């Protein structure tokens, strides 16, 4: 019986706390015409009837499965959205009336807990509000503020946002026209504007957030992530191994490509020292070869070790000979290249001192440039061509006449085939020896070329003529034939002339 009486008392309190009907005037409007005590009694009676009807309609809907959203089908009216705050005197009278009622504040808190448990449970059915125009009830604070306050009491259900506050005179339910509704208590007043649909979400720490706030926070978080990635800073995902923005440092390795050698070094001087000490100095026997893979002189024997040492510098890329002039970072693979480079600094200094003269072109240290300068120097030494040519027709006739006379005397062209001189003999003397033989003294024409000779009388017929090659003539007497036979010429050209004109 005690439990039944307690339930009846809870139902009475629940009916008294239920919202007003749409047609009933607000408590602020009635307060001007009726005394506060009569107003409270009428409100209690109407609330009891509406609460009983709501419990009969909803039944066990409040105890359904948790996790859903309680939706109200009624749209809030502008009249009910405005909350009428009473004066401080009316609040005190309400508190006295509530204190004198059966059950007191404890029964009110139990009734509010029942409301929170019945409305906070998650159900798939839609809950129809009996008072579609009522969106909020009057609060006991008396400050008349509108809006939502953070819940100060524990939440009503596991999935519902309804909460009950001890000592509060009413609990309000905010209907948002099909969106999620959150009822807040704890002495605070709540109201929603006419056409606005506000949805709330739960933050990470359990506090409700509006949808607009949550979207802004998500977009700002994404922008922070993008800026972090673009700036190259490490994020927690990168620290966990999901990403990496650190660039690997570039490292150049110098590999030895000598046959059957796989050594690797960090710099070209180290590679050059390795080649010189292991592969070059290690060769014995007087024969030196390059066994570098892909070399154009691969395995070509050489007798010069210094050549192999200079050649290996092309493979190692080392340039040990650096310029001694301050401020110059040039380096060379050979000492000769360094020797040709150093004078260019001083030639530039000398040319800069002479400002009036144009800047001289820098001499190239290459062999091609040196050969070109040598050729130009030799060309200047040669005599300039004569402006007048004295080889005219008269000179040509004189040369032709001398050639004809020479041919008549020597018969080079007619009988000697162009390379031999034909001599004719005449008897200038005759003698008889003791043995009885007769000898003749022959004189050769042209004169003064061949000496006179004594021959037997029987040989006279054979020695009427004698053919002698120009190369076999005595040089001291051959010039008597013609000065041009043995003219002065370079030794190389003379030998070539003899080979071409006097083949043996």
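Even glycines carry a Cβ here, placed using N, Cα and C.
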Per Swiss-Prot, the candidate from 21, 268 carrying the annotation phosphoserine:
21
Segment assigned the feature zinc finger in Swiss-Prot (from 221-245, 321-345, 396-420):
321-345
Annotated residue, phosphoserine, per Swiss-Prot; candidates 170, 175, 199, 304:
199
So one of 80, 123, 210, 383 should carry the feature phosphoserine according to Swiss-Prot; which one?
383
Of the residues 24, 364, the one that Swiss-Prot lists under phosphoserine
24
Among the residue ranges 254-279, 436-461, I'd like the one that Swiss-Prot describes as zinc finger.
254-279
Residue counts in helix (H, G, I), strand (E, B) and coil for the zinc finger (321-345), per DSSP?
11 helix, 4 strand, 10 coil
Give me the DSSP three-state residue breakdown of the zinc finger (293-315), ordered helix, strand, coil.
11 helix, 2 strand, 10 coil
DSSP tally for the zinc finger (254-279), helix/strand/coil in that order, comes to 12 helix, 5 strand, 9 coil
